[in-house]
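Q: Pasting the relevant annotations from Swiss-Prot:
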TOPO_DOM  1-57  topological domain 'Cytoplasmic'
REGION    1-36  region 'Disordered'
TRANSMEM  58-78  transmembrane segment
TOPO_DOM  79-408  topological domain 'Vacuolar'
CARBOHYD  N147  N-linked glycosylation site
CARBOHYD  N177  N-linked glycosylation site
BINDING   H191, D203, E264  Zn(2+) 1 binding site
BINDING   D203, E239, H337  Zn(2+) 2 binding site
ACT_SITE  E238  active site, proton acceptor
SITE      Y336  site 'Transition state stabilizer'
TRANSMEM  409-429  transmembrane segment
TOPO_DOM  430-438  topological domain 'Cytoplasmic'
TRANSMEM  439-459  transmembrane segment
TOPO_DOM  460-481  topological domain 'Vacuolar'
CARBOHYD  N473  N-linked glycosylation site
TRANSMEM  482-502  transmembrane segment
TOPO_DOM  503-511  topological domain 'Cytoplasmic'
TRANSMEM  512-532  transmembrane segment
TOPO_DOM  533-547  topological domain 'Vacuolar'
TRANSMEM  548-568  transmembrane segment
TOPO_DOM  569-646  topological domain 'Cytoplasmic'
REGION    598-622  region 'Disordered'
TRANSMEM  647-667  transmembrane segment
TOPO_DOM  668-681  topological domain 'Vacuolar'
CARBOHYD  N669  N-linked glycosylation site
TRANSMEM  682-702  transmembrane segment
TOPO_DOM  703-706  topological domain 'Cytoplasmic'
TRANSMEM  707-727  transmembrane segment
TOPO_DOM  728-1016  topological domain 'Vacuolar'
CARBOHYD  N778  N-linked glycosylation site
CARBOHYD  N821  N-linked glycosylation site
CARBOHYD  N850  N-linked glycosylation site
CARBOHYD  N875  N-linked glycosylation site
CARBOHYD  N977  N-linked glycosylation site
Amino acid sequence: MAETESGTGNSPSHRLSETSNASGNRSHQQSKQIASYKSSKPNVFIRFIRAIFGYRKTSVTLFVFITIIATLILVELSNSLDFSVKLPTNNLERTILDNSWLDLQKIGKEEHPYTSKGNDYVHDYLEAKITELIGKSLFIECDNDVNYTNNIIFKTENDLYNQVTYYESNNLLVRINGSDSSLPALLVSAHFDSVPSSFGVTDDGMGIASLLGILNYYSSDGIDQPMRTIILNFNNNEEFGLMGATSFLHHPWFKQVRYFLNLEGTGAGGKAVLFRGTDYGIVKYFKHVRYPFGTSLFQQGFNNHLIHSETDYKIYKENGGIRGIDLAFYKPRDIYHTASDSIKNIDIKSLWHMLSNSLDFVEIVSSQRIDLDDEDTSPESDEKSREFAIFSSFFNWFFVIPASQLVLINVTCLAVIPLISLPLLVIIFNYKKNWHIGFINAIKFPVSLVLSICILNIITHNVIASINEFLPNSSYDSIVSTLYSLFLLLNYLFLNGINFIFKGYKGLYHDEKLILIIQTSFIYWVLLIVSTNKLSKNKIGNDHTGEFPLIMLFLLQSIGALFGLFSWSFKKTTPDELRNNDDEACQALLSREEHNNYGSNEAELESGEPISSNSSVSLNSSSSQVTNNLVKNLRKSFSYDWSIQYVVIVPLSSLIVYNTGSLLLSGLNKSIQESLNAEKLIFDLIQLVAVTLAIPFLPFIFKINRLLVTALVLVFCSGFISIFLKSPFDQLNPLKLRFVQSINLDESSDISVVNVFGRYGSPMNNVLLDLPSLKETNESLECNNLQDGMQLCSYKTLLSPNLSPDVTDFNDYLDVQVLKNSSSDYPYGLLSGEIKINVPENRVCRLSFNNSNFENSKQSLVRTILVYEDNNYENSSNKLFPFEVSEFQLANLPEGFSRDKKGTYIYKNLNGIDKLELNKLSWDKPYHVGFQWMPKFVDSVSAENENTNVPYTTDFNNLGIQVECFWGNLGYANNENKSEDERIPAYGEVLHYSPNYVSWANKESGLVSVSKYVEI
């Protein structure tokens, strides 16, 4: 009986019954736990908050979409002229703006380079306008350089050659005298000349119109006399040597000036940006203007010579030694210096943006004694104020600090963040022991990052740049979005691929986002150390004032990392809990069976449906463990720490990077047409912006859903396809070509050659081959590759220029008379010569010197240049200078500029003079020039080492002079018969027959050059 009972108890049916009972008990317990959870279920509002802010795929994806859209909108609004600038409502300001706009229309009526009659028209218009305005005031006066009192001769800085420039100035100067004569004056400067190919509305018509607006304001009734004297410099010939500004340095009024505001235009419309400032002391006053817009990123570009064009700022700062700022329009550069820089392509708001900011800056500096006025008595203040300025703006808010202060902030953050982080890590890993980070966790982000950047670099330079190298000209934003989406997708695949391969690895998914945040902050920490070290030694040529966003990106990542570390340091977790539950909410996305999101688990509970055996909460565990861990993970899913980290890191980082990148690329992308080096730089910058923009999103990439992944794939695919299909040049983003028609009288007296400069690989050849004159005459197009990716294409043309109505032969355009050959044949004497250049209706000529021994000499043999005043000149076979040659010794003549008693302009340079540029105001007055140069035996060291005496010959020491003169007059030489007398018909042809995606600019000081070679 006992055996029977015992056998019955161990029978399969009995064991099945016990199993069923146990299962029933567990099911009952599970149901009770679920019921307990459901009974404590929060209300609808709390569930909605949890649904939005819980760490779920849908929530993260929603946050990412909102961030991207908000970033695009905010940056567009901040940089938008229409949104950020409002037209004046004040009656006086409205009147000033209307008058300035009318002035701008008058100034931009025609092209007005220094080499054109249009330049005289603008000068005369401004002179009449100034005279009218100053007649209203008792404390305003003017001065005109046209009386020849400010002609100068000076050395022009150039790395390739030594050039001396003679310039006759016709600047227009206005002095608004201040009530306190002890205060140093403020200079406001703009130039009224344009290039020959442009109407000069933005460059620099709006600067000139702003000067007139300032003058209009201070000459208006009811406006008090300023405390500080204000000098307005309407200067000429900025475009080809910054000559008007250089001339002003020699004017008596310059001695009063200590500060300056330079108004310029290196783009065509839009907003006027604060390009750069000499120092913090003066830049800080720009924060008081009503619509501040600027970034020291452009300052870094200028100071490091990434931007090749220069402004008068350079003259005032480097040669004049005064302190000020450079305010200019900065985009787009493909319209800059072309016929599209006209009144029809700009907005009155652009003028008001420059004019209002200029008025505000002038008002704040001139209405009071500023701290810079007293720096001579305060050395400490002087040291700080003369530091480089770091500045930026956003939504008309302006931020500026001195470089030393940013260095101090950087050093503090670099030290404090690790000091806080290290103790927290010690607490977490040595005491709490609640966070497991293994080898895979530590290396997967660096591996993913490096692989993604390498692939991105290959795609950028070997695919995009090879297929469509000029695409950034029209679509840099498309390339950024393509690379941005690709970079996110690559990291998504690499990170989750590693998770999939090592899915059985203990602790693989343990707070992955925090690991990535910490590693990202470490990368920024290293970069910030390098940047701070360089900023502490900041100088021109090695400027780092534009790298200020690094500290902000580092701080944002560090705050997110510290928040995560604090959370772990206060978390209570038992070892048993760790052993049984090493999985974490951040699951890999490639394994659907093992990694369901929390939202689905919660839905199962609330619906009463059975819990799936493949739940992510605990693999291969008992049902009670499943239930316990499920409820635990559901509670974890309600954690909002991720959302705090996301909000702290991602939105602001995206905004900073995108705003900085947008300003940088929109200002530089057109320079891809200027050189191969610029092209490489732009592609590198595009790649940098794409990577930096994507990095803040990477810690949260484990939780993006299929919708966002699909969107990224679509963006990448559409962008990649556009690389093959989209043209880099269109009507809004034209191909920029540079034109000059050359006549070389040594080669032909009836044939001219059109030279066109552009980038190699551009459609330039096709454009030129389609010109009617080439097709009709069957002239060949000769193209030669130049340095740095440029190309010169030339063709002969029968479209002769009509530079002067009285000239019928090319030889009449340029006649060089040799007035005097060497004054002595003595082999050790100073050789000298003298020429007169006759050119009709001309203002600019350039002379290049060589010698029969030039190739063997390390420097030019010309040492002295003399430019004669014809009314003082007395021709004599015995005199080169106004004194006897026997009385003249080279050592007695001071190096640099000097004048003799007859008014001759003399410049001496012992290092040699390679070129001389002559600029005069008279249209028909000849150039009268003298030279002194060294004979071979005096200048050549090699002669000392020769055993044989080479006899002295005059021919051996002849001075060769290449004379080239330029004309910039467009329009018609004879208004009675316009169809036949177009001044430069070859230029008219390229304008008329080029496609609408081509814009034309000048290559030289004029659109036509005539050259001739002589020896003396």
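Cβ coordinates come from backbone N, Cα and C, glycine included.
Could you tell me the structural context for the features on the list?
A: Per-residue pLDDT, averaged over the topological domain 'Cytoplasmic' (1-57), rounds to 57.
Sequence-distant contacts of the transmembrane segment (58-78), counting only residues of its own chain at least 6 positions beyond either end whose CB sits under 8 Å from a CB of the stretch, comprise 51-52, 84, 394-395, 597, 599, 642-643, 646, 650-651, 654-655, 658-659, 662, 697, 700, 703-705, 707-708.
Cβ contacts within 10 Å of N177 (N-linked glycosylation site), excluding its own Cβ and spanning all protein chains shown: 18.
Its Cβ placed at the centre, H191 (Zn(2+) 1 binding site) has 30 other Cβ atoms within 10 Å. In the three-state DSSP scheme, H191 (Zn(2+) 1 binding site) falls into the strand class.
In three-state terms derived from DSSP, E239 (Zn(2+) 2 binding site) belongs to neither a helical nor a strand segment and is classed as coil.
Neighbour count (other Cβ atoms within 10 Å of the Cβ, all protein chains): 28 for E238 (active site, proton acceptor).
Shown in sequence order, S198, T202, D203, G265, T266, G267, A268, K670 are the residues of the chain, 6+ apart in sequence, with a C-beta less than 8 angstroms from the C-beta of Y336 (site 'Transition state stabilizer').
The list of residues near the topological domain 'Vacuolar' (460-481) in space but at least 6 beyond its ends in sequence, with Cβ under 8 angstroms from a Cβ of it, reads 334, 661-662, 665-666, 669-670, 672-673, 679, 682-683, 686-687, 689-690, 693, 715, 719, 722-724, 726-730, 732-733, 759, 761-762.
Cβ neighbour count for N473 (N-linked glycosylation site) (all protein chains, 10 Å cutoff from its Cβ): 28. In the three-state DSSP assignment, the secondary structure recorded for N473 (N-linked glycosylation site) is helix.
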Q: Other than H191, D203, E264, which residues of the same chain sit close to Zn(2+) 1? List them in sequence order, counting a residue when its Cβ is within 8 Å of the Cβ centroid of the site.
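A: Along the chain, the qualifying residues are A190, G200, D204, G207, E238, E239, L263, G265, T266, T311, D312, A328.
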Q: Rounded to a whole number, how many Å is the Cα of H191 (Zn(2+) 1 binding site) away from the Cα of E238 (active site, proton acceptor)?
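A: That comes out at 6 Å between the alpha carbons.
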Q: Within 8 Å of the centroid of the Cβ atoms of D203, E239, H337, which other residues of that chain place their own Cβ, given that this set defines the recorded Zn(2+) 2 site?
A: S194, V195, S198, G200, D204, G265, Y336, D341
Q: Any chance the transmembrane segment (707-727) and the transmembrane segment (409-429) have 3 or more Cβ pairs under 8 A, given the pairs are 6 or more apart in sequence?
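A: Between the transmembrane segment (707-727) and the transmembrane segment (409-429), contact is absent.
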Q: Return the single residue from the glycosylation sites list (N821, N850) that has the minimum number of other CB atoms within 10 Å.
A: N821
Q: Among E239, E264, H337, these being the binding-site residues, pick the one whose CA is nearest to that of N778 (N-linked glycosylation site).
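A: Closest by Cα distance to N778 (N-linked glycosylation site) among the binding-site residues E239, E264, H337: H337.
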Q: Residues sitting near the transmembrane segment (647-667): Cβ under 8 Å, six or more positions beyond its termini, same chain?
A: 63-64, 67-68, 70-72, 74-75, 78-79, 267, 273, 295, 297-298, 301, 330-333, 394, 472, 476-477, 480, 517, 549, 552-553, 556-557, 559-560, 563, 682, 685-686, 688-689, 692-693, 695-697, 699-700
Q: Non-local Cβ contacts of E264 (Zn(2+) 1 binding site) (under 8 Å, 6 or more apart, same chain)?
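A: Non-local contacts for E264 (Zn(2+) 1 binding site): A190, H191, D203, D204, G207, F275, T311, D312, Y313, D326, L327, A328, F329.
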Q: When DSSP is mapped onto helix/strand/coil, what comes out for H337 (Zn(2+) 2 binding site)?
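A: Once the DSSP labels are grouped into three classes, H337 (Zn(2+) 2 binding site) ends up as coil.
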